[in-house]
Structure formats: C-alpha cells, structure tokens
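If you check Swiss-Prot, you get these features:
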type: DOMAIN; residues: 70-285; note: domain 'ABC transmembrane type-1 1'
type: DOMAIN; residues: 413-623; note: domain 'ABC transmembrane type-1 2'
type: TRANSMEM; residues: 22-42; note: transmembrane segment
type: TRANSMEM; residues: 64-84; note: transmembrane segment
type: TRANSMEM; residues: 107-127; note: transmembrane segment
type: TRANSMEM; residues: 143-163; note: transmembrane segment
type: TRANSMEM; residues: 203-223; note: transmembrane segment
type: TRANSMEM; residues: 266-286; note: transmembrane segment
type: TRANSMEM; residues: 368-388; note: transmembrane segment
type: TRANSMEM; residues: 417-437; note: transmembrane segment
type: TRANSMEM; residues: 451-471; note: transmembrane segment
type: TRANSMEM; residues: 486-506; note: transmembrane segment
type: TRANSMEM; residues: 535-555; note: transmembrane segment
type: TRANSMEM; residues: 613-633; note: transmembrane segment
Amino acid sequence: MKQKIKSRLKKDNWLRYLSQTVAVCFLLLFISFFIFLLIEAAKTGPDFTKSLLGLEFNLGAKKASIWFPLLVSFVVSIGSLIIASYIGVRTSIFLVYRCKPRIRKKLLLVIDILSGIPSVIFGLFATQILSSIFRDVLHLPPLSLLNVIVMLSFMIIPIVISLTTNALLHVESSLMTVAISLGENKTSVIYKVIKKEIKAQLVVILVLAFGRAISETMAVNFILQSVNYQEVIANDRFFTSDLKTLGSVISTFIFSENGDEQVSGVLYTFGIIIFVLISFLNFFAIWSTRPKTLERYPFLKKISNFIYQVVWFIPNNIGALFTDLTARRQQVKKITAANVEQRATFFKERMQTNHLNKVYTSWKILQEIFCAVLAFGFVLGILLFVFINGSQAIQRSGSTVFSFGVDTTGRALVNTLVIILVAIGITFPIALLIAIWLNEYTKSRIAKNTFSFVIDSLSSMPSIIYGLFGLSFFLRTLQLSAGGANGTSLMAGILTISVVVLPFLIRTCQEALNNVSWDLRVSAYALGVSKREVIWKIVLPGALKGLIIALILTINRIIAETAPFFITAGLASSNLFDLSLPGQTLTTRIYGQLFSTNSTAVDVMLETALVSIVFLMFLIFLSSYLIPYLFSFNKQKWLQIKSKLQLWKKA
C-alpha cells in the first residue's frame, strides 16, 4: 500500500518538479542576459568611457556622447506619443460609445492588422508615401525627424487603442447611468466622468506606448541617416534633420567596417541604457498605479498628473475652451410664483444653453470621427500601397516570389517557415511548463511577482537588445555558425528569436490557463483527482483554444521581427541551406535592400512586403475567426457535419 502511495506521489510530483526547474532556468536566462550585455559593454575603452557623458559624437575619434542620440529618441517618442494618444483615445471612445459591439469587433480586427505589420513595412511606406507628402504637399525635407514622428505615431496607435478600449469597457456602466439621470448628456459624461475614471490606466498606457516608440529601430533606419549632431543642432534645423536615434545608432554601427572591440562595447553600453530605461518605465507604470503604493507615496499622483498634463496639454486646453463656452450661466435658475414675470428670460437662456451643449457634443463627436478615419484610413492606405505596388512587382519579369535560389523571396519565405517551426518547437513546451508552474503550483506571492516583473521586462525589451545578446552569446561565445565567431547563422537567429518570443508566449499561455474556470478544478479536487490529472485532463483541454491562439500570435510576432535576425542570421542567404549558415527572412530581405545598388531593390521590397502582409492577415484570420468558430462547435454539430459528408460520399 505504501509503495502504491509513493509511486502515485512520484507521478503527481514529476510535473511540478519539471515545471519548477524550467522556471528557475528561465530566471537564470534573464540574469545571464544582463551579464553578457555587461561583459560586452566592459570592453569599452577609457577614451570612449570618458566621452559618454560629454557633448561630442564621433566614433572615429573615440567620442560617443549618449546625450544627443538620447535627446533625438526622446523628442521623436514624445512627439509621436502626443499624436498617438490624441488619435488613439478618441478612436477608442468612438469604438466603445458610438459603435455597436459587432461593428466594434470588426474594427478592432483592423487595429490588430495594423499592430501586426512589420516595422520595416512602416519604414518602406514612410520613404515611399509619407516622404512624398512632406516634399510635395508640405514643402519640407522628405526624410526627417518629422516623418519619423508621424510614422511612429501610427506604429504605437494600436497599443493606445487596444488598451484604452479595454479600460473603457471595464468602467462600471452605473457611472454613465447615474450621471445622465442627473441631467448631463452622454458626451459630457464620457469626457468629464469616465475619462477621469480611467486616468490612472491612461498614464500606464502612455508610458507603455512611449517605451514602444523609443525602442523602435529598423523602421527608423529607413529615414534617418545622419550622426552629425553638433552641426545640425548648431544650425537650428533639428526637426527637419535626419539625425539618428539611439537604437538606430546601434544597428548602424554594430557591423561597421571601422568598428572594433571598443566601438562594439560602446554600442552594448547604449543597449544597456535602453534596457534599463525601458525596464524602469514598465516597473514605474505598474508600481505607481497600485492603490497601496499611491497611499504610501502621495507624490506619485503628482508625477502621474504631470505626465498626463504634458501629453494632453493641447487637447485639454481646447476642451477647456469649449467647456467654458458651453457652461451654463443662467441668471434665472428656476421659475416660481415670486419670479414668474422672468419666465421669458428663463426660457431664452435655457435654449441658448441647450444650443451650446449641442455644439460641444457635435465638436467632440466630430473629433472622434476624424481620429477614427485617420486611424483606419492609415491602415487602408498602407494595405492598398502594399497590395497594389506589391502585385505589380510580382507581375514583373524579375520577380523571385516563386523562385528558391540564393537571393530570392521564395528562399526568404522558406527560411522564415523553418525558423518558425524550430523556434515554436523550442519555446512552446518551455512556455507552457512555466505557465503551468506559475498558474497551478506556486503559492508564493514573491515568486509570482518576481516572475511577473521578469516576464514584463523581457516582453517590453527592444528587439535590438536581443540581437546584441544573440551576437554575444550564440555567435561569439558558443560560435553557432560555420563562419565561427565572426559569422552569422540561421541557428543563432532561431535561438535568439526563441528568447524574444518566450516571455510573450509564457504570458499568453498563462492567460489561456487562467480562462479555464476554477470551479472545475475545485470540483475535481473534491472528487479526489490529483493535481497532475486535473492539469492534463481538465485544464489543458479547456485551455486548448487559448493555447492555439497563443501559438498563432507568437508566429505573427516571429514574422514581424527584423532586428534579431539582422544581427544574428544575416542579411543574405548562403548558397547551401544549413542551420549553421546565414539566411535572410522576409523582413531582413526588405531591410537588406536599403544597402543594395540594384535598380530592382524597391520592387523586391514591395513583393516581399506583400508576401509578409498576406501571411500575417491569414494568421490574424485564423486567430480571430476560424479558431473561435471551430471551438464554438459542440459535439452534436460535428456529428451532423460528419453525417452530411458521409451522405455526400454515398451520393
């Protein structure tokens, strides 16, 4: 009897020990990630180290001031954040309060498409379309910081819209009902009550969107080319210049011909600065909005208010002007027997107030419609640009979509598919085990908070930092390349992208497990079912739909990435196909054409962009429609379909 109990305990505990071991290894990965960055950054020479806090940037002269690239990064990020927050929040209000749920669901799918578009396609659109608008319509330099601000604003709009929409949908409906019953109109309630109710969430959204903007690298490289910071700033042409951001400086000089070990150390130092900055922003956003934190540190409310006021300075002042114009200033508040002779004045003032309230409401709705048209119009514009021009490029004689040679789009697609299959095979079991341990086994709040912070930090990490880690660890240390420490390989790209998507996959798997009703677990435990059996027979089957969607979203993320592959897998494919040899993906094929002197470079970009967009739209269709539709079928429906198929075969 004792032996049976022991054997059953061993069977029950093996999953716990395995998942716990994998979780600890993941934590060690995070620590080693930072250590390898520090080791490479330590190679910075004394001359470069002294110049980091100086005001001169010239890598050839061993001058590497951090301030100018960081200033450019902050300026373009704040500029894009102001535009994106204005458009995004008003579009969210339009979706939640002006659209029916069915229409809202379809429009949010369009936003999902925008969020899934690879950054290199944004860069291509900016150089081909936005640059023409700046040059021909606005009569401004086509490739400038202003172009980058507009491009980045539409890149971060999906974050603002999706998170703000989610926050608005979770506001208690009683707030709207009570305020309207007190005499306020719907629009006034939205902007004066509900918007203030989600103010804390809006600050978090702004911080997350800012982190996304400041970490963008590859799209920015399509536009910004200069590092002559002192000359440009001295000539007072900052916004019309093409000065590089901090992230684009890293990607530009990481494989520079004149780059040595010290230059590489400087770039790793820049990467650590971005890493620390993004981690701090995410930690501050989550920590500062907790009720207990706000009670203990009241000054955090002032900081949140300051961030909110800076970003919303112009919209708030315009809104305050209209509020002032439409404010009630009735001299006669109420008609009684004592002032019945003033009834004419009372009705006149009330009609004027109602008219001004209608003006206020119309102005707000007009802004919402305008912002929604801008957001969805941009998606339509970029899709039409890719489909029309990409289709024309494919029809030309030089198209390589259906070729699989060395320098072809077909070969890039094959490389991308191989990377997806191997990376998913590596990351999914690891992510699922960690999610099971966090969700089903561990009871420690400290452990959960620690892993939550690590996962959030790694999820928000700029992909260029992962590329630096892959270069340092997989190529220079493990030498997973046929070319040795100085080479690139598909295997290094696969392992690097596995590290990139692992935190995202852990979080989505955890959400899928959380969506399984806890009542099912409790009922099973009450019947004497072991935890291992509950996980295998109840939790995992119940979470199957969410896990499949998590896999599809992860594949989407892999396709959209560029920076990790650019650094670890290379910009070109080798003559032979081998995981130890370099190979370009769809996105690095687009990016690689920036350095090509071939006259067909733009056509190659367009045809590859079309293949990428079609692939991504297919995945979004799977995750948003097909998978939920299939899982909505019950057993009886499947039997009906089976019987119809059998009858069809007999006929």
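Each residue's number is its place along the chain shown, starting with 1.
Glycine residues also receive a Cβ, built from the backbone N, Cα and C atoms like all the rest.
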Cβ under 8 Å, sequence separation of at least 6 from the ends of the transmembrane segment (22-42): give me the contacting residues as numbers and ranges.
264-265, 268-269, 271-272, 275, 430, 433-434, 437-438, 450-451, 454, 457-458, 465, 468-469, 472-473, 477, 499, 502, 506
Same-chain residue ranges lying at least 6 outside the transmembrane segment (451-471) that approach it to Cβ under 8 Å:
23, 26-27, 30, 33, 36-37, 40, 208, 211-212, 215-217, 247, 250-251, 254, 267-268, 271, 274-275, 278-279, 281-283, 286, 434, 438, 492-493, 495-497, 499-500, 502-504, 506-507, 561-568
Remote residues contacting the transmembrane segment (535-555) - C-beta distance under 8 A, at least 6 residues beyond either end:
15, 420, 424, 427-428, 432, 436, 440, 501, 504-505, 508-509, 511-513, 515-517, 520-521, 524, 529, 619, 622-623, 627-628, 631
Give the nonlocal contacts of the transmembrane segment (417-437) in its own chain as ranges (CB under 8 Å, at least six residues past its ends).
15-16, 18-20, 22-23, 26, 451, 490, 493-495, 497-498, 501-502, 505-506, 509-510, 512-513, 535, 547, 551, 554-555, 558-559, 565, 569, 579, 585
